[in-house]
Amino acid sequence: MTKEVILRGIAASWGIGIGNAIVVKVQSYKNTPQLRDNPIKALEKTKERTLNMINELISEVTPEVAEILRAHKLMVEAIIEEALELVKAGKAPEEAITIVTDKYIELLKNSGSAVIQLRSDDLVDIKNTLLQNLLEGEDFNIKENSVVVAKEIYPSQLIKYSKKGVVGVVTEKGSYTSHAAIIARNLKIPIVFGIKDATKIINDGNLVIVDGFSGNLIVNPCESTIKKYIKRKEIFRGLFKKFEDGKDEIAETKDGRKILVMANVGNEDDLNTALLNGCDGVGLFRLEFYFMNTNSLPSPQELAQIFEKFAKKLEGKPLTLRLLDIGGDKEIPYLEIPKEHNPFLGLRGIRYLLKHEKLLKNQLEAIKLVKYKNMKIMVPMVSTVEEIRELKKIIEKDKGDKKIGIMAEVPSIVFMADKIMKEIDFISIGTNDLTQYIFAVDRTNEDVSYLYDDMHPAVLRAIAMLTKEAQRANVPVEVCGELAGNPLAVPILIGLGITELSVSPTLIPMIKWIIQRLSYREAKELVKRVLELENGEEVREEVRKFFKNILKIELPW
């Protein structure tokens, strides 16, 4: 292949990477007969080496990535413990590791949940790392400023490659919600998934451009294409330097409309990052981390201590606690979560809490113990008016003066918004699930993920309907899904009347910067145009024109 070719995939991490391709093949291992002499010692040494390697990585990465790696540590310890028993029974160390990891990989793959199946990639990653450390696997010769091309990529590989100066990653398989994608976004490595037969089409040394904005991969780009992408890369780099300037200022439009830019957090590290980036509060505090990282149900007193710590750090800023949201893609070992054929349409969110009232009251008692006026209670996965009324009967005596709101994540809430608004103090639109349910599509399924588009007019019209009813009832509206952190979506959301956005902590400076350059009046005009369009790409193109012609800002997106 010598002429320029454009291959289309899925953009999973922003940025532009230009470099020579290194095609990563299957891992090979050295022959190490000495393992037979002392297999138990070999396994214990492998465990020590692997844990030391993970600890070293934890010290160098962001809090969100560190959380993933801490989970890897727990898995390593459990796998080695089980493998040691097999070795004592006569199995070879490499065979024992393979048997144990393959067993758990198979369990996850048969879970019935596409998202839980994705987590099997983490176990494959751990299996490969353990075998490499045990059998002295040969590391690939990854050079600085290169683009890695592989069938798939795992978290630990990505972190290693970033340390070697890789400028982009391209794979045949992968998902936007995978841990590898999350890590790539944290490390600011542009990544494109879903390039069919990438390892066959691309050769070592081919010059390639990874477009982490559009999902395009350009192989053997011509001179004019290279110049165009170098310019886009400079625009992107320049913008990110500017974002830092206004992070501690109020996010206010040019015509005086104040917008709260809050943070989605799951632990204390997230909160610390959010505060450093100038957050106006916490719009979504996910409690799952504090239930998953323990072997038994945390007591109300233990939870209350966590809530108090968060409240103290926020110094009066809003703190919105989402009640435990399990089922679907989230499982907790010590809780009874039934195996379902389609868990995303099953017992999750409020449905699970109403069925397991003890678990609900455990959280409510903790909330009652916290004397913090600016704390709000948010209920996940509400589908009907009856559900919120039933919950309010249980919650009323324990909530004190704390406000109650819901996550708008299913289409039924859109159509019953006028009735729902009478029952709540605020509403938060969870655009990830709302988009998934509007299109009846699993975005982790590579065959249908192209249908998932949170900037499609169908989604924007649903948000418009919710916002209109909320304004009529004087109920504050927040958006807390990924759409809130998408720079192209910000003018639309402001124009729709949204006054609170809750985003990943690292995106706060960028979102504030954009808001400070917007006019509410101009954003409303933009909304009128985009709601009449037919698809998400038309919407994105209209917003790009808005940035360029109205705001005089050239974007790389």
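FYI, residue positions are counted from 1 along the chain as it appears here.
From the backbone N, Cα and C atoms, a Cβ is placed for every residue, glycine too.
For the phosphoenolpyruvate site, TrEMBL lists R286, R322, N432, D433; matching the candidates R443, R461 against that entry yields R443. The distance from the Cα of R322 (phosphoenolpyruvate binding site) to the Cα of E409 (Mg(2+) binding site) comes to 13 Å.
Taking the Cα atom of each, D433 (phosphoenolpyruvate binding site) and H179 (active site, tele-phosphohistidine intermediate) are about 18 angstrom apart. The recorded positions under consideration are H179, R286, R322, R443. Their Cβ neighbour counts within 10 Å are lowest for R286. R286 (phosphoenolpyruvate binding site) falls within a strand when secondary structure is assigned with DSSP. Of all the Cβ atoms in the protein chains shown, 22 others lie within 10 Å of the Cβ of D433 (phosphoenolpyruvate binding site).
You'll find the Cα of E409 (Mg(2+) binding site) roughly 15 Å from the Cα of R443 (phosphoenolpyruvate binding site). Geometry remark: N432 (phosphoenolpyruvate binding site) versus H179 (active site, tele-phosphohistidine intermediate), CA distance 17 Å. Across the range of the domain 'PEP-utilising enzyme mobile' (142-215), the DSSP-based residue counts are 22 helix, 17 strand, 35 coil.
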